[in-house]
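Structure first, commentary second.
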Amino acid sequence: MTDHVVDLPPSPPAGQRIAPASGWRGFVSDWASDQTSFKGVSWGKAMMWVFLLSDTFVFGCFLVAYMTARMSTTVPWPNPSEVFALTIGGQSVPLILIAIMTFVLISSSGTMALAVHYGYLRDRRKAGALMLLTALFGACFVGMQAFEWTKLIHEGVRPWSNPWGAPQFGSTFFMITGFHGMHVSFGVLFLILMARKVLRGDFDTGRRGFFTSRKGRYEAVEIMGLYWHFVDLVWVFIFAFFYLW
Amino acid sequence: MSATTVHADPHANPNVSSDAPVADEAHQHHPVRLYFAVWGWLFVLSACSYMVDYIGLQGWLRWTLIVLFMLLKAGLIVAIFMHIAWERLTLIYAILLPPLLVLVFVAIMASEANYTLLTRVLYLGGGP
């Protein structure tokens, strides 16, 4: 598909070949050109970004709804620092489980970034192993979230009431963390599928995908990574606004 | 633009021809050290935001620090891990500007929430 590139005169570095202008000049000429605005960006990556943008609005709406509920209630909001405390060795440590979940998710983002790196170096063993490690961290995170949900439900938290204060606490908690946990779960699933493709060498042998019947490229690892980092990114905001505020 | 079009395989499916700038892979090579550095900073910043709660800071100092650490973490993830720092301005602005509209929504709903609280306090006998 890109054979035509070969017969161009001395090939300048990537991206520049397609749209030489950079900075604001390039910004204007990119948007003013026909066919594609995102020069040097494959459709797969562009579509993932568009999806992530729409997902940003979904989570943005959840967090805005939470803000509205918390600001407008006349009943005190439960103190997350105490609600999510765990008793370790007879001592109550505030928010400790959430902190551990945060570190686990950040670690998974780190391993994913390395997986993308080794994917582009065409080191399929390292890339695949790192993706599986990422999936393991993700599964770990979901497990801890399940533990947290179980604990809170045992303590009497329901979407319509809870023992500590404003009843909206339960509904926003289950909605926001549940939706995020679902994203992590799907991410784990796709990570395992993608790791299998990478380890089997699909992107080296040009094996066609079961679903798309098209050959894949190592860029698929980066696109998978975009999704995974986004899930981590959303958690950064949930951690700040829901758990710490 | 014209160069690539002229040399493009005339038999190629025009829908597919634009989808594979393999060259894109070239500018996503960064030293592993960079990823480890970002990873480390994310740990430090997370620890910092946890300490805000652990120490029990309250009021404006607490909120400022929470938002500061949150934005720094988000910036590192988006810029380095998601490679936005190396994308073209066109993509950067297409992705980063629209979410700012959420802030407008936040402002609208904050005002609405204040009004709801006021009516609840005035008419429903609630109140702090």
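Cβ atoms here come from the backbone N, Cα and C positions, even for glycine.
Per TrEMBL, domain 'Heme-copper oxidase subunit III family profile' is recorded for A:48-245.
If you look up TrEMBL, you'll see A:46-69 (among others) marked as transmembrane segment.
According to TrEMBL, the transmembrane segment annotation covers A:95-116 (among others). Counting same-chain residues at least six beyond the ends of the transmembrane segment (A:95-116), those with a Cβ under 8 angstroms from any Cβ of the stretch are 80-81, 84-86, 88, 126-128, 130-131, 133-134, 137-138, 140-141, 144-145, 147-148, 184, 221-222, 224-225, 228-229, 231-232, 235, 239, 243-244.
Among residues of the same chain six or more beyond the transmembrane segment (A:128-149), those with a C-beta under 8 A of the stretch's C-beta atoms are 84, 97-98, 100-101, 104-105, 107-108, 111-112, 114-115, 118, 174, 177, 181, 184-185, 187-188, 191-192, 194-196, 198-199, 221, 224, 228. Taken from TrEMBL, the feature transmembrane segment covers A:128-149 (among others).
Residues 55, 58-59, 62-63, 65-66, 69-70, 77-78, 105, 131-132, 134-135, 138-139, 141-142, 145, 148-149, 152, 157-162, 224, 227-228, 231, 234-235, 238, 242 of the same chain lie 6+ residues outside the transmembrane segment (A:169-193) yet bring a C-beta within less than 8 angstroms of a C-beta in it. The annotation transmembrane segment is assigned in TrEMBL to A:169-193 (among others).
Beyond the ends of the transmembrane segment (A:224-244), by six or more residues, the same chain brings 45, 48-49, 52, 55, 59, 63, 66-67, 80, 84, 95, 98, 101-102, 105-106, 108-109, 112-113, 115-116, 131, 134, 138, 172-173, 176-177, 180, 183-184, 187, 190-191, 194 to within a C-beta distance below 8 angstroms of the stretch. The transmembrane segment annotation in TrEMBL covers A:224-244 (among others).
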The domain 'Heme-copper oxidase subunit III family profile' (A:48-245): mean pLDDT? 93
